[in-house]
Every structure is written in C-alpha cells, then in structure tokens.
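Taken from Swiss-Prot, the feature ATP binding site covers GLY169, ASP170, ARG171, GLN172, THR173, GLY174, LYS175, THR176, and the record attributes it to sequence analysis. Positions annotated as site 'Required for activity' by Swiss-Prot, on the basis of sequence analysis: SER362.
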Amino acid sequence: MEIRAEEISEIIRKQIKEYGTEVAVAETGTIISIGDGIARIHGLDKAMAGELLEFPGGISGMVLNLEEDNVGAAILGEFSEIKEGDTVKRTGKIVEVPVGEALIGRVVNALGQPIDGKGPINTDKFGKVEVKAPGIVQRKSVHQPMQTGLKAIDSMVPIGRGQRELIIGDRQTGKTAVAIDTIINQKGGDVVCIYVAIGQKRSTVAQVVSKLQEHGAMDYTIIVAATASEPAPLQFISPYTGVTMGEYFRDSGKHALIIYDDLSKQAVAYRQLSLLLRRPPGREAYPGDVFYLHSRLLERACKVSDACGAGSLTALPIIETQAGDVSAYIPTNVISITDGQIYLESDLFYSGVRPAINVGLSVSRVGGSAQVKAMKQVAGTLRLSLAQYREMAAFAQFGSDLDKATQMQLARGERLVEILKQPQYKPVPNEKQVLIIFAANNGFIDDYPVSALRRYETELYTFFDTRKADVLADLRDKKAIDDDIKGKIVAALNEFKKEFTA
C-alpha cells in the first residue's frame, strides 16, 4: 500500500482546520486547611471580598478574609467531602441568589435553592446578596400604614411601610406569633411577605409553613430557611438572601414585608465564623463588626421615593433576650438601628395578657405619621390610660379604701387590658379595631363584667357585619371619624347595648 505525501498533508490540514481552539482559563488555588465550614486557600491572589468560589463537588464558597499568603472562605453547604489539597476555582462573581415572582409560595434554603419538593424555580433574575442600601435622595419618609391586625400594636405601636420595628422578648413570649399574624393579616392586600428562619428547628419551620398554608398566606409569602442543623455560613448569609428577594419587589414599586426570626442566632453564627477565621474577638467574644453586620442588613429596608418607584420594604427583626435583659450587647445594637421596638414580657404572657406587649417599653419612632387617622383619634389616650391604670393598680394593692374615681379608673383599665387581648391567627381589620376601642373609651363596656368582654367583642363584630355594614364601609373608606360617622357609631353601639346580655 502506497502512502502519498499529498494525502498526508491533506489529512493534517483538515485536522488543523477542525481543531477546537477554545481553552478554558480559570484561576485556581489549593486548600491548605479546612474545618468547621472554613477553608484557607493558597494561590487565589486576585480574589475579591465576598466573591463566589467553586469547590469540588459543585459546592460554593464565599471569600471573607483576604490575607497576605492565603484567603479565608466560608463554605456554603456540606463540607465533609472537601479535603486538604483540593483545587478551588474563582468564579469572578459576587454571591447571587434568584429573585422574582417565581419564588412566591416556595420554601428555599439560604442560597435560594428550593427545599419544598415542588421542582425547580423558573426565574432568570438574580440579585447580589451584598449591595449598598439606598441613599438619602432615594428615600422618602414613612407615611403609609402596615396593618398587623393586632389591636395592641396598630393602636399604640403603629408600624408604617418602610419602617424597621424590632420584636424583642424572652423565649416563648409570642414573638414569632406576632410576626405570623402580621403575615396572615396581609391577605387580600398588595404586600409580598418573606419569612427568614435562622437557626430554628426544622419542625418549627414546617409548623410555620403549614399554618400559613392553612390560612391561605403562602400565596404571597416566600420562606427562606437556614435551620439549626445547617452550617454557620448558611445561617449567617440567610438574612441577606431574604432581603435581596425583598429588594426586588421594593425596587419594582411594590410593597414587601420581611421577618428575620431571629437575628440573635445570626449573630452567634457570625461569631463562630469570625473566631474560626481568627478575627480578634470583642465584647462577649463577638467580632468588632457585629454592629455593622446588622446595620447594613436593616438599612436595606426603607420607603423609596416616588422617583424610584415608591415601593417599600418593611422589616420586623426578632431578637431573643435572656431573662428580660434588654441592655445586653446584641439587643442594644439592634434597638439603636431600628425605628422602634415591641417588647414582649414573659410575666404578662403567663398572666394571660396575649399578645404580651409591655406598653411602657414599646415604642414606634416613625409609625405615628403612618397611622390611620380614625385609629389616631380613638387610640390617642389609650397608652396614657393604660400607664395610669398600671400605676394605680400598683398602689391599690396596699390599701382597700379607694374613692369612686379611682375605682372607676381601675375598672376602665381592667377592661382596656381585656379588649387588647387577642387569640393567635385571628387578626382584626382596622375598622373593627377602631370600633372596639371607641366603645371602650366611651364607657360602652363599663357595665359588663371583664369575663363577658370576649363575647361582647365577637358579637359586636357580627352585629356590625350583618346589620351596620355601611358604618364599617364608611370607616374603611374615609379612614377618619367625623361627626356624621361618630353619630352613627354611637347610635349603633346603643342599639347593640339593648340586645347584648352579659
């Protein structure tokens, strides 16, 4: 067989022509040590702070420390398979998570990946986990109400859209209950809710999901879960994942509500990361930038100016205290960042006052300007009346000889405390809250025993729903009590008084 030179050269030419010239270039480094979700990597000289890294097995990591001869990275996922000497690639991207309408009704992990077994999330939109909060020019003062459906909050500690209101209290005082009721109360409205569970038991998260489904609230809610069994880096990043999803709605001119449950556990996870990264510890072994950890997160919740779409992102961070100590390190940090706090007290909770809000220590610094006018009219003196009642009740324990005025004030105070109680998962619309507080302030409930007031309230709502729906509609539309509406309410309450028997 004869081999001709032309044929050989033709074959070589053809192969050169068809040769693929694409060469994938990636900057890689080598793991020099790994443990507890932290890897030290040599060779990634050009890595950026917060950059996404690619570990073997498709696991992601995030650069946190940039040192002279190595970088410290948090591994965002299961790290048991990763070992010393493995190769790590740079991606050149900052950590991103999926955002958009497709996430509504889903349960996702701290990286935005679905964990509810309902298949993949179809979205092509992504948002950076760490972005700068809107500047002063892009903001507007809070002026629209964010109704929680809880009488004690909407009347005395009102929350506005774009506000950051802290919910603080010991364990088992109903902090999550307040947050879940607020989500349920947004049903039929235009608010998208995001619930971020940080370091909680999986059973607790499952319970929250089933309660929200039961009340039809998952139709407008996203749940981000970094449970107790997940590595510290995921617990640390989950609030930022949640707020990134919320910012998408805020910047689209919509309204969103985000709940962080709770930020104490995020601070603990961040402390663990920082100590493993050998950053110097400060007070209570927290790193020096633990204030910035929370401030940069909460500053991203705001009311945006009309020029930027007039959207809003309202934040309800939760902080757990130890034995009611509000002056500990993390609680004081978050109190100073937020626009007010709702303080829940275990003594009140165990004495049957639920929601267990301590009116004296709870405050809303900007919500007053967002409160519905009708509520402002009826609830203006409520806080003062309750404070006077508490003071009077303390004195009344010492002596039994009380004059008639004092006895009346004590009786009125007892009734006010009773009508502000509310069962869980039963938010009350604003116009009905106005009715019951109006009735209490104007002496319509003074003649009834305290034990009959729960029934009085239920029957009053039914009476107005069935026979005085026009009064409720007027209150809902006008959002204020003028002489005409006041006359109608008084007449209706007098009519109801004749029918109601204690």
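Cβ atoms are placed via backbone N, Cα and C, with glycine included.
Most Cβ neighbours within 10 Å among the binding-site residues ARG171, LYS175: this distinction goes to LYS175. Residue environment of GLY169 (ATP binding site) contains 27 other Cβ atoms, counted within 10 Å of its Cβ in all protein chains.
Close to ASP170 (ATP binding site) in the fold, though at least 6 residues off in sequence, lie GLU320, THR321, GLN322, ALA323, GLY324, LEU344, GLU345, SER346, each with a CB less than 8 Å from its CB. On a Cα basis, THR173 (ATP binding site) lies 15 Å away from SER362 (site 'Required for activity').
Local packing around the Cβ, expressed as the count of other Cβ atoms within 10 angstroms, is greatest for THR173 among the binding-site residues THR173, THR176.
Listed in chain order, the residues near the ATP site other than GLY169, ASP170, ARG171, GLN172, THR173, GLY174, LYS175, THR176 are GLU320, LEU344, SER346, PHE349, each with its Cβ within 8 Å of the site Cβ centroid. Under the three-state DSSP scheme, GLN172 (ATP binding site) falls in the coil class.
Other C-beta atoms found within 10 angstroms of the C-beta of GLN172 (ATP binding site) number 12, with every protein chain shown included. Residue environment of GLY174 (ATP binding site) contains 20 other Cβ atoms, counted within 10 Å of its Cβ in all protein chains.
The local packing around SER362 (site 'Required for activity'), expressed as other Cβ atoms within 10 Å of its Cβ over all shown chains, amounts to 22.
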